[in-house]
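Visitor: Here you go, one structure.
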Amino acid sequence: MEAELPVEPQSLKKLSFKSLKRALDLFSPLHGHFPPPDPESKKIRMSHKLNTEYGGVKDTATSNAKAAAQSKAQQASASSNALALPGPESSMDPQKGVLNKDIVVGPTIQSSGSTDNGFPGKSTAVIPARGSSERNFSTSAIMERVPSKWPRPVWHAPWKNYRVISGHLGWVRSVAVDPSNSWFCTGSADRTIKIWDLASGRLKLTLTGHIEQIRGLAASPKHTYMFSAGDDKQVKCWDLEQNKVIRSYHGHLSGVYCLAVHPTIDILLTGGRDSVCRVWDIRSKMQIHALSGHDNTVCSVFTRPTDPQVITGSHDTTIKFWDLRYGKTMATLTHHKKSVRAMALHPKEDCFASASAENIKKFSLPRGEFMHNMLSQQKTIINAMAVNEEGVLATGGDNGSMWFWDWRSGHNFQQDQTIVQPGSLDSEAGIYAMTYDVTGSRLITCEADKTIKMWKEDETATPETHPVHFKPPKDMRRF
């Protein structure tokens, strides 16, 4: 009995070539040859292009010239075995129906044989003569790739922590900057509001009045008023000339989690655990609207002067746009899969970002079209985010991660980790609130280790010392 011949091990490459050859045997009439162009569809395509570009001008006088050019093209394509494509619209001459002679025509791929896998081998680039009526490309030119259109990120200097302020006796839950950019205030779980000097970081004033932790703060741009809201269901208006409460707004059935002041009208918006965003008249203390429609806690809200004037994010994973005149929902965005705990409106552009545990997404205004996801995932609960005019988006997570993003491209250019103050647990590294000052050059974060940290750009950094490592996304997620 004869000895069996040893079986040659099949590599993955060889197997894939075999499979490819089998597919070519089934579907391709000629190995290494592209299918011949269809003259009828070519004629329709060219006439449509001419009509659209030149305002529907009839080119009956040039039909003979075009027919001659097409027959010439078919002969050229038969000899070159390459897929013929029309040139760009800007290079078409309406008088002659062919490409302009002063435009360099791209190379064609000329096959000098085919390998055993069915693809052309030893291909050489040939530049056809000027005045050729066809522009030939390989098939890679047909596919329109999204990453080629993805905007490259602008270089931003990395941010560094330059000041740590301690003074609160509990978690620091909220922050607001004065419109004059001279001071900022923080609210804490120790039930106090502290006002700090922005330049030096010194304590100026401590306000007491709440009986639970303070989750929302806002400074009015038109009055000497500051507004605060907390877990004690209370919303208070402080007069900073007298340093005392002058109004309280009663109506919430549970803790109040977020607060915003309208930029042009004297109204105040608060959202809370009772799933309602309430609209208050600042002067009369009356509730104008109760914007109800969310199924869970309203934990983020911001306002803008034009429609939609109120945008809320909730633990029910949705974002709602509200019509302030009628107190009704204009639109509901259901793109997120987890609670929307933070949102940030861009100070210049008509768009905003929203953050949840699974992703950070950008939406356009006023209609709320989804733009794109940020290109990385922070993989933590994001409690706070802020963006400045330079397009630096900062996000803070429950695990103390501070990530900085380029707004336009969604590229994450810096990942930082806050350091807890001595005596605190590592689990107390969470960031609960953040905001930029009016200039956008300083960032203030409020943290679970009872400190307030201030950040600024590193002046010594250059594009050479901190280059941008950017990889365009391979696929764009459309949801």
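Along the chain as shown, residues are numbered 1 onward.
Heads up, the Cβ atoms here are built off N, Cα and C, so glycines get one too.
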Visitor: Looking at 102-122, 459-479, which one does TrEMBL call region 'Disordered'?
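Guide: Checked against TrEMBL: region 'Disordered' maps to 459-479.
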Visitor: Out of 22-45, 70-93, 286-309, which range is noted as region 'Disordered' by TrEMBL?
Guide: 70-93
Visitor: So what's the mean pLDDT when you look at the repeat 'WD' (249-290)?
Guide: 96
